Amino acid sequence: MLLWILLLETSLCFAAGNVTGDVCKEKICSCNEIEGDLHVDCEKKGFTSLQRFTAPTSQFYHLFLHGNSLTRLFPNEFANFYNAVSLHMENNGLHEIVPGAFLGLQLVKRLHINNNKIKSFRKQTFLGLDDLEYLQADFNLLRDIDPGAFQDLNKLEVLILNDNLISTLPANVFQYVPITHLDLRGNRLKTLPYEEVLEQIPGIAEILLEDNPWDCTCDLLSLKEWLENIPKNALIGRVVCEAPTRLQGKDLNETTEQDLCPLKNRVDSSLPAPPAQEETFAPGPLPTPFKTNGQEDHATPGSAPNGGTKIPGNWQIKIRPTAAIATGSARNKPLANSLPCPGGCSCDHIPGSGLKMNCNNRNVSSLADLKPKLSNVQELFLRDNKIHSIRKSHFVDYKNLILLDLGNNNIATVENNTFKNLLDLRWLYMDSNYLDTLSREKFAGLQNLEYLNVEYNAIQLILPGTFNAMPKLRILILNNNLLRSLPVDVFAGVSLSKLSLHNNYFMYLPVAGVLDQLTSIIQIDLHGNPWEYSCTIVPFKQWAERLGSEVLMSDLKCETPVNFFRKDFMLLSNDEICPQLYARISPTLTSHSKNSTGLAETGTHSNSYLDTSRVSISVLVPGLLLVFVTSAFTVVGMLVFILRNGKRSKRRDANSSASEINSLQTVCDSSYWRNGPYNADGAHRVYDCGSHSLSD
């Protein structure tokens, strides 16, 4: 019978996945009740799998697993955590969720998988989350969402997908999902259809659509009409046009149907027939741009009808050579002398300069395909094509370029020294691509570059010295990437005036060696980062306070810890952010100055983090310990010195006595004394050598 019991226990342990035990009972994790709810905190425990662990089975709990190494979730990963009511998995490097991973979590109402590396949501990704009401998946690498990804979430109300790489939402993605709050900020959406998408969320109460490259054309009419018919305060933030250029920076709600779709309903049978060929029109502005061959040139996202490129938001730069737009009949005339131009592109003369070559949206897959090569091109537009890589051989014939637009392609590879021949280039657009690393070698030769736009990429790493190759760089656009840190001296030797770092992954930014190098900054945008309010952010806060609101664009909201969530850190005092550093100091220790005492008691000194009159305990204690140890060694040294001197003194006395005895012995042994004892009369001393021992 005992053998059967042992075999049964062994088989049960094997079936349970070799569970080691309760994470609370074995104190693997911290388990505490907060306001009546059990919090199982397994933060930064190095977990790579959960199948060997279990949690309390007698009560419900909130499970915190952020900061581990759960990079992949396999089916039944949470089978032993069936009493969880919320699950936090931020910052795990999670990149794959196998369908069935959440089976057993039928009680979970809130799921946080933000700040990971998830690239797609497949069908049945969330299978098992029957009661899920809140899903947070911001700051990932989401590009693809299957139409059936959310079909199992029949109670989902809040969906947070901001700061990903989503360019489109599939049809019926929200079918049978009762969404009331939808956050799509900081993605790559150019349009949002009403049919089979927006029409499926009739109960929407809040929607956020900021920081997307909206293409304000006919396709956006349905979104505009839908926004006008939802509850008045449902739209949070702005929907700002990024293209076409004539509407760039304009709010969607300020546009008209005619603005978005100028050709709509323009054809009318009552209008007179077009004039004969010999008839002419008076010069005047046309509703839409035309190519040199007279065909309509439809505006594309991020591009201007005249080949221009968007400058996001308030980031204005000086007038570029493309600012002048030809009007009237002159715009429609072919180029003089039948100027050769690569197939599919349009070429224009720049007054008093070279050529402007517009190859936007021409299905170009390689710059090597652009033939014939024109050596006098000064502005080259290659936006909205299918270019995957660029090499230094591609620009050998374009040494006169001053503007290059490679935005909205599929560029993931930039060969070192690609731009080395472009010594006169001043504007470079490489936004909306797939770059992941920036290095000095990639930008070698751009000694006159003033404007660099690499927003909406997947940049995770900027190597030291990257921008040193561009000493004249003034405007740097790095927003909507995957940056978590910046190297020391990244801005050394560069006099930036405008810098955009919003919608990245920064938790804090160091002042020394990074921000303190921005001595010429007049505008910086840092919003949309998951700032962590801890002692490390205090110098950054003080730096931001010195800049002021006229330089620092938008508020900076805290992401962690929970008690500071979504708070503006400018409204918090330094001792709130770092209480251990700003511990109250006794007035007796600060009585040297009435003013400094007051500051120590209130903790409101504006720059107290750098104030030498207030010493951190972490500095004070080691200092006192050092003084104590030094004093102890000094006392011991003095004692040793005194003792050694005493011994030496005794030796000297002994040696002196011995010397005297030896001298006396010598005298007694002399022939003078041997002749007989010395006797003196009266008061004279009598010394008889024979009657005394010399050892006495």
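Cβ coordinates come from backbone N, Cα and C, glycine included.
Residues or ranges marked as signal peptide by Swiss-Prot: 1-17.
For the domain 'LRRNT 1' (18-57), the predicted model reports an average pLDDT of 85. According to Swiss-Prot, the feature domain 'LRRNT 1' maps to 18-57.
What Swiss-Prot records for 18-622 is topological domain 'Extracellular'.
As annotated by Swiss-Prot, repeat 'LRR 3' applies to 106-128.
Counted with DSSP, the repeat 'LRR 6' (178-199) comes out as 2 helix, 3 strand, 17 coil. What Swiss-Prot records for 178-199 is repeat 'LRR 6'.
According to Swiss-Prot, the domain 'LRRCT 1' annotation covers 212-263.
The domain 'LRRNT 2' annotation in Swiss-Prot covers 332-373.
According to Swiss-Prot, the feature domain 'LRRCT 2' maps to 529-580.
The annotation transmembrane segment is assigned in Swiss-Prot to 623-643.
Note on the repeat 'LRR 6' (178-199): residues 138, 154-169, 171-172, 205-215, 219-220, 222-223, 225-226, 237, 243, 301, 432, 456, 480, 503, 528 of its chain, located 6 or more positions outside it, place their CB under 8 angstroms from a CB of the stretch. Break the domain 'LRRCT 1' (212-263) down by DSSP state and the numbers are 22 helix, 9 strand, 21 coil.
Helix first, then strand, then coil: DSSP counts for the repeat 'LRR 3' (106-128) stand at 0 helix, 5 strand, 18 coil.
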